[in-house]
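Each remark here refers to the structure printed beneath this line.
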Amino acid sequence: SRRHKLYREELNLTSPAAPLPLRPDASWLQFHLGISRDGLYPRSSPTINRLLQDMRDLTTISADYSQDEKALLGACDCSQIVKPSGVHLKLVLRFQDFGKAMFKPMRQKREEETPEDFFYFVDFQRHNAEIAAFHLDRILDFRRVPPTVGRLINVTKEILEVTKNEILQSVFFISPASNVCFFAKCPYMCKTEYAVCGNPHLLEGSLSAFLPSLNLAPRLSIPNPWIRSYSFDGKEEWEVNPLYCNTVREIYPYSNGNRLLNIVDMAIFDFLIGNMDRHHYEMFTKFGDDGFLLHLDNARGFGRHSHDETSILAPLSQCCTIKRTTLLRLQLLAEPEYRLSDVMRESLLQDRLAPVLTEPHLLALDRRLQLILKAVRKCIDTYGEAKVVANDTTQPEAPASDRVKLTT
């Protein structure tokens, strides 16, 4: 504590008097300006590669709890968050040019599988799952996961010595192995047994770029119609009623438009990564009811490569509908020369924490892709291709007016 106090006093003496100006070409700002009705970023966007590099390399200038954790502690305006959480330690790291990213530290080694007796809602959250989910989302051409990159963080220099949050300072300690550790200050995992530790200072983690603030680009959090029961013995209607989709189709906005098709996209994505924890989804309000769904919080994916949880595909198997563009992309990634595991392996090599996924997890993607295509074929055999495959290949380009507008 004394050393940290001296460091803060020194920092205050040497910090610039005037605030740093915002550069229009900053990667964070260009990322926000590139959000459109079609996705979080355009295909082959050079801005995204620059943003990933900045998150990997730029110096951290401050660290704090996220708004979610502050809401749980009663320390922030809860209207400024979409949905409080808090069972997983995460921090907001800030960089120059007003950039900020969500840091999720390593909690589980890559070669470890989630125990089969674990319920999905008490599963570990994995930093490498966040990284891999971004790469898979981009390969599928969804572009609905915020840019995410792996980084080795010096928890002493890049968190403890730059934070002004006294609560965050108070949860740092030195372990018996002389490693620097810290834990979450929240109503759940708030004990040293749940701490994360450097080696002795360096700690792996994922950094996910922040979306525009809710003041500039409001978002809605909407319950997933295929939400799971978060109790030990309960079941939701969709789990016991195979005709559940007929009920969903009668409710707006699932009765027309693209919302149901976007739910199916999300289910396919979640099945590939093995994520059973999609209780809500978020959307930008600006793009209306047919806007894309954000695929956020993917840290509970890639837990068990040896198990395929086919119940995640319920929206597809019960509704028997899929976008033509999605189906074409899946069929391409099933071809030997474009095999999904090979494309993912090559993409993930770009990350500094490579290998991000173990080989069994990569091969599981190919196996699960075949199960998705099998489910689609079963639907087509039952109802015919015209009713199952929705033609979305002729949609016009989104006008410039549909881009997120950021105003000061």
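A Cβ is built for glycine as well, from the same backbone N, Cα and C atoms used for every other residue.
Curation plays no part in TrEMBL annotations; they are all automatic predictions.
On a predicted model such as this, the values are computed, not experimentally measured, just so you know.
According to TrEMBL:
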- K104, S208, A209, F210, L211, E282, D297: ATP binding site (BINDING)
- 172-389: domain 'FAM20 C-terminal' (DOMAIN)
- D277: active site (ACT_SITE)
- D297: Mn(2+) binding site (BINDING)
Cα-Cα distance, maximum over K104, S208, A209, F210, L211, E282, D297, record's ATP binders, Å: 20
For S208 (ATP binding site), the number of other Cβ atoms found within 10 Å of its own Cβ: 25
D277 (active site) and L211 (ATP binding site), distance between Cα atoms, whole Å: 21
Other CB atoms within 10 A, centred on L211 (ATP binding site): 20
K104 (ATP binding site) and D277 (active site), Cα-Cα, nearest whole angstrom: 17
